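Engineer: Before we start, here is the structure in question, set down as structure tokens.
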Amino acid sequence: MNKLSIFLFGFILLFLAACSSNSEGTSGNSSEDGSTEDEDTVETGEVETNVEATGDEDVVLDFWIHQTGEDETNAYIERIDAFNEEHEDIFVEAEVIIDDGASAYSDSINAALVAGNLPDVMAIDGPYVSSFADAGVIRPIDEYIDEETKNQYVDSIIQQGTYQDKLYSLGAMEASVMLYYNKDIFEEEGIEAAESLDEAWTWDELMENAKTLTTEDRYGLNLFMNEGVGEWLTFMGAPFTWSNGGSLVSENGMEVDGHLNSPETIESLNYVKSLFEEGVVSESPSQTQFEEGDAAMALGGPWISVSAEEAELNWGMMPYPYKDEKVSPSGSMAYAITENTEHPEEATELMKWMTNEESAITVSEATGMPPAQKSAFDSMEKYDELPYSIMKEQVLETAHARPSTPAYPVVTDAYAQAFHAAALGEDVEAVIDQQINRVEREMKRFKE
Amino acid sequence: MKKSNSSSAEQLNTNANEDSRGHLQVADKKPRYKKKRMKSQKFREAATGYFFLAPALILLGIFLLYPMGAAFYYSFTDFYILTPNDVSFIGFENFSYILSDAEFRQAFWNTVYFAVIVVPVQLAVALGLALLINKKIRFRVFFRTAFFSPVVMSLVVVSILWTFMYNPNEGLINELLGLFGIPAQPFLNSPDQAMNSIIVMSVWQGAGFQMMIFLAGLQNIPTHLYEAADIDGASKWQKFLNVTLPGLRNIALFIFITITIAAFKLLVQPMIMTQGGPLGTTKSLVYHIYETGFNYRDVGYASAMAVVFTVIVLAVTIIQRMLTREEGGV
């Protein structure tokens with residue numbers, strides 16, 4: 001784009017922004033007029049930020065962010081504003097796209113990909129980095145980032161953003177799954193909780209205590225099976241398999257035979273199956289089973305801290321139970337720059353800004369997710385003591401990224417199908433055998 | 001369009017004849033100037049016709065014909081969404097994989113099962129409801145509205161509501177069954193019950209629409225036929241068999257074919273309620289195609305399945321038409 005067209009483009013955007021501010025009031029801009037009732041709502045689509053383009057900027061970056069919650073999006077917009085203010089020569093034009101947890105956000109990316117108009121920087125889900133990288137949709141950023149900056153991130157985020165030894169993506173937040181528990185019920189039943197990673201429960205302890213905690217009108221454990229057959233099952237469930245020495249795919253992400261169907265993998269899913277067979281977990285819990293006290297424990301994400309707090313539950317956190325190795329789920333939304341961009345250096349600058357310590361803290365405070373910057377943990381006091389110290393320990397020590405393979409969409413579905421079959425008491429091995437063919441066919445595509 | 005064009009033109013010039021294709025021809029003996037005027041008139045009318053047709057044709061072209069052509073083309077390629085610039089022609093490879101794809105086979109039989117149950121049941125329920133509210137009973141308007149209201153609701157909303165109702169632990173249906181001492185059922189969580197649960201919900205949601213069409217048909221049956229039957233001393237059942245059913249024949253055929261096509265297009269219910277599970281027992285063909293194309297990005301293979309799906313539905317429809325025509329139908 002030459003200067004003139006950038007200028008025209010900027011002018012049009014300004015014009016559009018002016019129009020929308022007249023008709024709709026604030027959108028994602030809460031400081032202007034505190035009295036409007038929709039001050040907290042963030043509309044999807046182009047976002048009106050506090051800092052406006054002057055039209056003199058050398059570089060305009062298109063930036064797509066996902067929206068799962070208003071507070072989260074407002075945190076991003078706050079950081080984008082700060083970026084625009086700080087950088088005279090770069091202007092970030094952000095667009096918010098709804099992410100319903102299913103396919104709404106990826107449909108937008110797919111459509112833009114085929115039409116050839118991807119933005120300069122976009123948010124993508126961690127495990128999808130490999131497939132985008134393999135297809136040449138996103139580009140490596142190694143040349144724009146030094147070792148020192150790289151080391152500031154927690155290992156699992158760098159692991160998640162790396163494909164074939166090249167770094168593609170950076171994230172502001174991590175995620176994890178902890179064993180939440182209801183303190184009142186534990187006291188009643190006389191069960192002692194694990195208070196650090198060293199005291200983490202083994203599979204046997206989990207089973208035994210879950211049985212004790214299960215009564216006629218209460219389940220011992222909640223695995224949020226109400227989320228359906230999807231990414232949750234892989235995210236929450238795969239540590240059972242890893243802890244038992246199993247795997248989903250090979251190291252290089254190209255083989256599935258001997259991994260997804262290995263005896264260790266099948267054994268781990270059979271353990272999951274036994275939890276359901278003993279009746280300590282429900283295969284169709286209500287959304288708020290744990291918060292309502294209808295389940296004594298729950299393997300849930302950081303968002304459970306938020307909802308349990310809101311429900312005024314007396315709750316605590318324990319590390320993810322283990323068999324041989326202590327591992328915990330990891331991975332979250334991250335940013336990557338596309339091959340489309342004409343300004344990779346500035347785009348990387350934006351990514352680093354959106355994931356630096358200050359951004360990580362802002363986002364973490366808005367979402368309750370753990371930050372992806374090691375130093376952020378030091379400046380956030382809540383992570384120094386229970387229950388959040390458990391989350392910190394897991395992110396720093398046991399976080400295990402999901403497999404890095406371009407066939408991830410099929411791999412994760414295959415694993416989720418097997419996990420779900422285990423929950424229904426079906427023959428896990430038979431289901432995995434069916435899935436193997438499908439995954440192998442998909443992997444062939446990437447071997448050529 | 002053409003027909004009305006020519007007939008209105010004919011009124012203007014009675015000497016014009018129609019050729020075999022319905023085009024106007026002017027008899028030779030007529031003076032030249034008349035022929036000319038005729039031509040411009042004809043052109044004007046045709047232009048007006050196409051002008052009114054244009055919006056529909058353009059939209060159909062862009063959103064129906066072009067995508068259909070594109071899908072046909074992609075079905076012979078390895079189009080992968082992430083690499084739209086690297087598409088190569090692979091012949092019939094996608095089609096031959098369909099034959100060995102266990103998921104396709106499962107989805108195919110699931111869809112056939114759904115259609116085979118839903119079509120007759122929904123037809124019967126719709127007819128029954130129509131007969132019921134065609135009677136001069138009290139609260140007729142209320143019943144008509146009640147039976148029709150599920151049709152007005154979005155299928156997505158209905159699916160979500162029924163998912164709550166089917167919940168094995170806290171769902172309304174199990175609560176009701178509990179009142180009668182029937183043990184709680186797993187419904188959508190059971191490979192045996194999931195598809196049947198979706199069928200019940202689908203019939204409930206869809207039957208109201210066909211009921212309205214049946215109702216219109218019932219009210220079109222001349223009363224004198226019933227009166228004649230009364231004079232002959234026919235019983236209620238005999239009147240139903242010999243007057244009502246023959247009178248509804250054409251409408252029933254129309255409904256039969258439209259329900260069948262709709263049943264084959266099953267998508268929303270499994271997508272919202274079960275994601276095709278448990279164990280793929282509710283995965284329909286269309287849902288399988290959608291997942292393959294959008295979640296797994298394999299547009300080439302999804303297109304091939306879409307082509308096969310179109311052929312299947314077309315074949316079923318043609319067979320239905322042939323069977324019903326033989327019996328002297330529509």
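Glycine too: its Cβ is placed from the backbone N, Cα and C atoms.
Note: TrEMBL annotation is automatic and uncurated.
Remember, it's a predicted structure, so these values are computed and weren't measured experimentally.
Pulled these from TrEMBL:
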REGION    B:1-37  region 'Disordered'
COMPBIAS  B:1-17  compositional bias 'Polar residues'
COMPBIAS  B:18-30  compositional bias 'Basic and acidic residues'
TRANSMEM  B:46-66  transmembrane segment
DOMAIN    B:108-320  domain 'ABC transmembrane type-1'
TRANSMEM  B:112-133  transmembrane segment
TRANSMEM  B:145-165  transmembrane segment
TRANSMEM  B:198-218  transmembrane segment
TRANSMEM  B:248-268  transmembrane segment
TRANSMEM  B:299-319  transmembrane segment
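Tell me about the surroundings of these features in the structure.
Structural biologist: Note on the transmembrane segment (B:112-133): residues 140, 143-144, 147, 195-196, 198-199, 202-203, 206-215, 217-218, 244, 248, 252, 255-256, 259-260, 263-264, 266, 284 of its chain, located 6 or more positions outside it, place their CB under 8 angstroms from a CB of the stretch.
With a threshold of 8 Å between CB atoms, the same-chain residues lying at least 6 positions outside the transmembrane segment (B:198-218) that come near it are 114, 117-118, 121-123, 125-127, 129-131, 133-134, 144, 147-151, 153, 155, 158-159, 162, 188, 244, 247-248, 250-252, 254-255, 259, 262, 266, 269-270, 273-274, 282.
With a cut-off of 8 Å between Cβ atoms, the residues of this chain six or more beyond the transmembrane segment (B:248-268) that come close are 111, 114-115, 118-119, 122-123, 126-127, 155-156, 159, 202, 206, 210, 213-214, 216-218, 221, 284-287, 290, 309, 312-313, 316-317, 320-321, 324, 329-330.
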Engineer: Grab the same-chain neighbours of the transmembrane segment (B:299-319) for me: Cβ-Cβ under 8 Å, and only residues 6 or more beyond its ends, written as numbers and ranges.
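Structural biologist: Distant contacts of the transmembrane segment (B:299-319): 70-81, 87, 90, 94-95, 97-98, 104, 257, 260-261, 264-265, 285-286, 288-290, 292-293.
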